[in-house]
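What follows is a short report on a single structure.
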């Protein structure tokens, strides 16, 4: 039989099998054509002869197989390259059609070397890789290459050997295949198909973006409370100090006993009541251990010092000169304000300052530990805020600023307002404000750790916040800098307003009308729009606006906008447009209850004249229906 007849027999078997398995390997025709201009030589057949060229094969193969571009290799290599795809006798998947008919998708430039690439057009069956070992060398024999099924399902697949700028490893090639198939109009650079990202292109529609940003599915920490038992949120497995977080924000328990979980941040019971268990930060836990070790070491040290002092006093009891020197020194210290004496007075009243637990723009907050030996060694913790002078601030302005803040905060007595105890000047001449310690941290840290809060949890904190703001306004004080960082929490969930550095007294006790104010202060996302104008405004309305933004931050874990200026923030501009429409503003419309949504629209009214007051908010149906925790009701 001649070589032409042998080749005809091979072609007939290809046509009859329809890309089926080949049981025999006929002898390939010897070629006299010179090798292609490539450093790689064409592979040989098992008998040592060179394989037939692709052009010779194409002349005798039926037109339906023209889309399969074969590199010079033996037919056994072709059969083994499609290990499962050819042996399974499954029909090809429907090819992916390009957006333009008969258009080549991600086609690389032509090459003189037939082993450079194997590609297919968008309206033809997918290409089959001729050499499985070239791209799947790590796969065991008999396994399916990851790209085999992908190539048959996605007719736009293109396999390119390794070169600069082109992915050649199997994992990267699979991602590239999926990316090209998903893209309707992939770009084709001059050096081959460019890698296409699998990430969906963000929509330019602002409404779609708002849905994506504020949707519950986009929040990293999901809420999934099921069952009728106690809903437990934020178990102990959650790492609140950063890094990867395991588990969701909410886990369910089939029992109403919260002790069944290791630790739960927020627990809801069958009777609709709830409890907060805000664990102190790890830094505070470390501080507590350090304080215990410190006290244990100090007690031993004090005992040694007492014994040494008694021994020294025994030696000097008979010395009149030493007695006179000691008395003279005490009189001199009493005649002047010695920094050491001031410091000793502070330590005597509130203990020694320890680790820094908070930092601000012009000061730090430390923790002070006081042991009362007369009361069975009871321990009391205080928060000490150390004020620093601003750059180019005179001593007179510095003193006036601190005394003004202290006068405002020390005159307030409310469960939701921080209790300020004292203002003392330390040995360096800086003033220190002593306050009660809230070991639960601040609201900002809680939101950052949880992603977002549970609806009942956020409602409880919001009602406590509005109750404190209503009290401040009744006392004639506006805070002017409300934000989650200035809202402290106890371990049991009691919220307290702090930092009255920007506070204003808009009405004296004997006055009935409130004084208007002007000027810009606070943090940008919480500043009301009227503060950017040059006209005067009511400072109470500014506090109400900030409370609305804080509530949305608790529910969504995000800011509604960067700045409440229509010309500078597209999200705020979209809010002004959507709040007039029937569909409403998407982040607010995602909230479940209509009473909550309506109240928030009135809290965030751009015109302060029509904005709700704190007292009106407390009397609204939504806020009256909110159930507070036991700690939130304490002290009322």
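Note: Cβ is positioned from N, Cα and C throughout, glycine not excepted.
Annotated features, as they stand in Swiss-Prot:
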type: REGION; residues: 1-167; note: region 'Disordered'
type: COMPBIAS; residues: 33-45; note: compositional bias 'Pro residues'
type: COMPBIAS; residues: 56-92; note: compositional bias 'Polar residues'
type: COMPBIAS; residues: 113-124; note: compositional bias 'Polar residues'
type: COMPBIAS; residues: 140-155; note: compositional bias 'Low complexity'
type: REGION; residues: 181-261; note: region 'Disordered'
type: COMPBIAS; residues: 182-226; note: compositional bias 'Polar residues'
type: MOD_RES; residues: 218; note: phosphoserine
type: COMPBIAS; residues: 234-261; note: compositional bias 'Low complexity'
type: MOD_RES; residues: 299; note: phosphoserine
type: DOMAIN; residues: 351-623; note: domain 'Protein kinase'
type: BINDING; residues: 357, 358, 359, 360, 361, 362, 363, 364, 365, 385; note: ATP binding site
type: ACT_SITE; residues: 481; note: active site, proton acceptor
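Swiss-Prot feature annotations superimposed on the structure.
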| residue | record | CB count, 10 Å |
| --- | --- | --- |
| 357 | ATP binding site | 19 |
| 359 | ATP binding site | 9 |
| 361 | ATP binding site | 7 |
| 363 | ATP binding site | 20 |
| 365 | ATP binding site | 20 |
| 481 | active site, proton acceptor | 20 |
Largest inter-residue Cα distance among 357, 358, 359, 360, 361, 362, 363, 364, 365, 385 [record-listed ATP binders, Å]: 15
Secondary-structure category, per DSSP, in which residue 357 (ATP binding site) falls: strand
Rounded Cα-Cα span from residue 481 (active site, proton acceptor) to residue 363 (ATP binding site), Å: 16
For residue 481 (active site, proton acceptor), the one of 359, 361, 365 that lies nearest, given that the binding-site residues are compared by Cα: 361
Integer mean pLDDT for the domain 'Protein kinase' (351-623): 92
